[in-house]
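Student: Pasting a structure below so you can have a look.
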């Protein structure tokens, strides 16, 4: 298949073989993409390793879609110790591209072990909280993001994928068993239930079932071909459901506000009745005069319109945060059972095994007493200590299963691992489902143009022009110039001289304040090269990057990185007004070391 392409680009005798290969590289990659787009490799013939890589590729594509809608700015926590070139952030300055402080100014100060003398503690719970709990808490979780229809759609899709495939079949099977749709199956499960109940083995049987599910995924790795196809269908259905929810809310944007108004009206009526029951009968007339006035105030948008809008926004933001937290917990639990972080899954398998032995060997009365003891201890002693914390400190309390990644965090780890191994994520060829996800990602970002492909073509064209000048007769610099260039501007040229395993290089056209150019991203470095130059104007290591932020309405990007001059660390910043494929570049920058970042 590659012969027609080679005949199309026959070089002149004056061109070097290296230049010929760089010119034909784009045509070769294009033909390879065309072959993969035709499903030349049957999925049924894939090995287990190829199937796993294909599944990971689709997870990365889905992560890019989620990440483009959720996150606009990330920073590294240790940049608080550096000198910040900007002043205090305001709402207008943040819209212009200034950076959001990770914590308020009072939170940036180191917290003393004893913030105030023990005589000033208002309760024992508060003293325990600030003396022993606060010093060991992790960094605070980011505050709830503002409500948008895009975030609502993505949160709905995550809930659909995390909850419905699990609870839907489970509840359907319970319904069939309870209604005796299949007499044989219902009879078997009914007999098993009462036998286990009689011998006090219901709890051990439940824990053993969970342990078997967990170990089975370890013995038979996920996914199988059926699992992969089912996961694709779930993503397609979740995408359709999320679009329907978003369309429904956009058609009736006042629905949430009307619900909030109804809730306030019911709450005011209840409080009025409670107040009326405590007053004397002679003051009933005054109370009857107050209630219509409240109702009139509720109907007057000119007086309380802004407050009602703020309440509705708070309600929507809190609801969105609750949806995201529920989706996070379910994704973490699912990732425990499919061993996405083996160390954590092994830890929870040991815990399940210990609980299984405990419920199997201990008498039932001790199990009941132990369970009630745990619940009582949490209710009477743990909850007061947590409530005694300030709201800013309460956000530092970790969520359950914090050591297990969510789907987005797992995809970031995949990008980071492949960058360290210098592997290309599309060496298998993209499946039709992954291609559909990538097309959806491009459409959601307002363009169907493959900016990465155009960036590669521009880079190859720059290399061709430079090589023609270098090989021109009488050019004194043609002997001393090195090949390939000193910086990885051109993926095609680097693929000529390096192995395929070292070809993880991405290029993006961009507009810098100094002029147009190309951004080149490798597994450990970031370069910006002006369009009419072969020398990188900006060259930095990805380990030095301390912040990435989306700016402007033209898909711009701002970078912060640390630089050591005379043993003094300085924080520098560079802005790009426009970047083709900005969201993909943003995700790859963050994915190089995703566990360092804090989403703000």
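Any Cβ shown, glycine's included, is placed from N, Cα and C.
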Student: In TrEMBL, which of 276-311, 312-347, 348-383 is tagged region 'Disordered'?
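Tutor: My reading of TrEMBL: the region 'Disordered' range is 276-311.
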Student: Scan 450-469, 470-489, 490-509, 510-529 against TrEMBL and say which stretch is down as region 'Disordered'.
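Tutor: Among 450-469, 470-489, 490-509, 510-529, the range TrEMBL annotates as region 'Disordered' is 470-489.
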Student: Between the candidate ranges 54-78, 79-103, 104-128, where does TrEMBL place the region 'Disordered' annotation?
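Tutor: Among 54-78, 79-103, 104-128, the range TrEMBL annotates as region 'Disordered' is 79-103.
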Student: Look up transmembrane segment in TrEMBL and report which of 163-185, 186-208, 209-231 it refers to.
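Tutor: Feature transmembrane segment in TrEMBL: residues 186-208.
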Student: State the non-local partners of the transmembrane segment (348-368) in its own chain: residues 6+ outside its ends, Cβ under 8 Å from one of its Cβ atoms.
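Tutor: Same-chain residues near the transmembrane segment (348-368) but 6 or more away: 200-201, 203-204, 207-208, 210-211, 214-215, 336.
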